[in-house]
């Protein structure tokens, strides 16, 4: 074995150095048992990253099995770089969401930027051209210097990378709550398009075929990044800044174009991104999936730092790198393409038939372990689960019913809450028009991207109200799926499938594991009912510090198909005189609501209820009406209730609304589920009402640029001009950022 100046196998075991790498005593013993001998330093490192939660899902795998992953249009489910769904005409959509939470907490610009880079590579490693980026962000209250710094730097990192690489950032969401103060969540999603014939797999097939390393050189950045992402943040986390990767979007652009060129060649057998766990995960996973092995000579790996050890080379998470398997004898074809793009393309190994990962360095074997042991044999845990005391208390509480005496003031204050307020400050930093396919820009219910050369378009969104999930994880899980689907339907799209990013605290705490368990129950039930299979995703646990865990935050990335661009619908009012309809009933449901947080400062009670059969029926009826051309505008009712949703429909158009509702002032802000606000031409009234059975006409669009909401007695409960609404909504975030902490 290696003569390098590293701890011996005896020292690793005696001093339990494996613990510093993230392995438990039992896990280290199991790894040694599988290999059949003591592990050296490099081998211990390989197991530590591959058996981390980030790579192995050892604490969540038992729950992920609940998700429906099959469907008539699913071409690739979980297990590859990204999932794929057929959209007919020999085309498919490829999409995936991933987290970069821990890196963004200590180095927000690079943490966010490399999160974008990694998710792009996941998509183009499948052979797809990325056409859109989205993100879902969570921060503490926008008051302290620290939170403002994290917010500004994360947004700048996303913009800096996405804008340079030439992929539009078209949508997302931002939520602000105290639980994210020290634990920001940064989830990045990418959507790509592909022809069926170009679909690639990350597999190392064909004994004797060549393993090639392409892209940027390997440095010491990101070593143990996967392990770092699998532990709680602490006061010592800043010392792990080297575990944060550094991105180069211009290198990524070259790599993207070169990879999309080589996928056209049948000399390419397999391709995978070197993401979490770098060269270890890409080589072990590609070999394991193909039932093969890989032998690599680490002397051949391009290095940008002197004296790198095998341990460092294998665990580095340097960005903009891919691992390819190429047909033996045709390496020159692949090299020629990468050289034309001024990129490394180096032969570093060969595919073997012994199902082992064998690494050599300076003429010595420095690691020799079974690939399946690394990629498949991590222990799987079903952690103890315990109902949190707060949940039992919430279930016993009388419903929270606020008293609203001044509805105008309440609406303006709600519009200025950072979670509801306009995110224009965020998305104006993104180039959302690059590639010139963006039809519906950020700010509506979902972004829409046209598919060139066809009459079709893709709608996409990210959604999760984590407050509902804290109050009731199972109900909140159902709502997260339903709201994402509602946003797509409001845009004229049929929901196709889901990619999820499950962000939670420490699963070793029974109350946290219970949250994970119950929310996955809700998510899976809703996916089955609404016909949206989960085709991939990511789990990010240990999102907590001494102050406590984040709310359960399973971010839902959902993509839908607009079958005809004529069906594209947006939220803004279109014509004066159009009838305003509310679909769905309003109940006095305020548990976990924006109003409760604003008035009380904390959450309690029961989450809004949802009937998935009713949800499905309303979505189908509304989509049918949209396809018939009966709907002028559509918007789902979410945070802040009907009053906020009506105001949002006025923000970007020269119209107002006159509405009458038989609701109390408080109920105007209730967050009951399965509701929509749509507008319809008077001439289409009968056909619309025959199609959408739950729709009730409540008023009309006016030219007055005022929002007037009357009660059943005809008295104006809300009466505000557009300028007041826009000022509160658009000015909130810039104003908070300028204020002194």
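Cβ from N, Cα, C; glycine included.
What Swiss-Prot annotates here:
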type: ACT_SITE; residues: 54; note: active site
type: BINDING; residues: 57, 96, 500, 537; note: ATP binding site
type: BINDING; residues: 98, 538; note: Mg(2+) 1 binding site
type: BINDING; residues: 99, 100, 101, 102, 121, 245, 317, 318, 319, 540; note: substrate binding site
type: ACT_SITE; residues: 100; note: active site, proton acceptor
type: BINDING; residues: 122, 273; note: Mg(2+) 2 binding site
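Location within the structure of each feature annotated in Swiss-Prot.
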residue: 98; record: Mg(2+) 1 binding site; contacts (Cβ under 8 Å, 6+ apart): 115, 118, 119, 122, 187, 188, 189, 501, 537, 538
residue: 100; record: active site, proton acceptor; contacts (Cβ under 8 Å, 6+ apart): 111, 112, 114, 115, 118, 186, 187, 188
residue: 121; record: substrate binding site; contacts (Cβ under 8 Å, 6+ apart): 81, 252, 255, 273, 275, 320, 322
residue: 319; record: substrate binding site; contacts (Cβ under 8 Å, 6+ apart): 114, 117, 118, 216, 221, 222, 245, 246, 247, 248, 251, 252
residue: 500; record: ATP binding site; contacts (Cβ under 8 Å, 6+ apart): 67, 97, 523, 534, 537, 538, 554, 555, 556, 557
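Neighbour counts of Cβ atoms within 10 Å were taken for the binding-site residues 96, 101, 122, 317, 538; the minimum is at 538. Using the Cβ center of 57, 96, 500, 537 for ATP, the list of other same-chain residues with Cβ within 8 Å runs, in sequence order, 64, 78, 97, 98, 499, 501, 502, 534, 536, 538, 539. A straight line from the CA of residue 57 (ATP binding site) to the CA of residue 99 (substrate binding site) spans 14 Å. In the three-state DSSP scheme, residue 317 (substrate binding site) is classed as coil. Residue 101 (substrate binding site) carries a helical DSSP state (H, G or I). With respect to their backbone Cα atoms, residue 54 (active site) and residue 99 (substrate binding site) stand 10 Å from each other. Distance from the CA of residue 96 (ATP binding site) to the CA of residue 317 (substrate binding site) is 19 Å. In this structure, residue 500 (ATP binding site) is part of a beta strand by DSSP.
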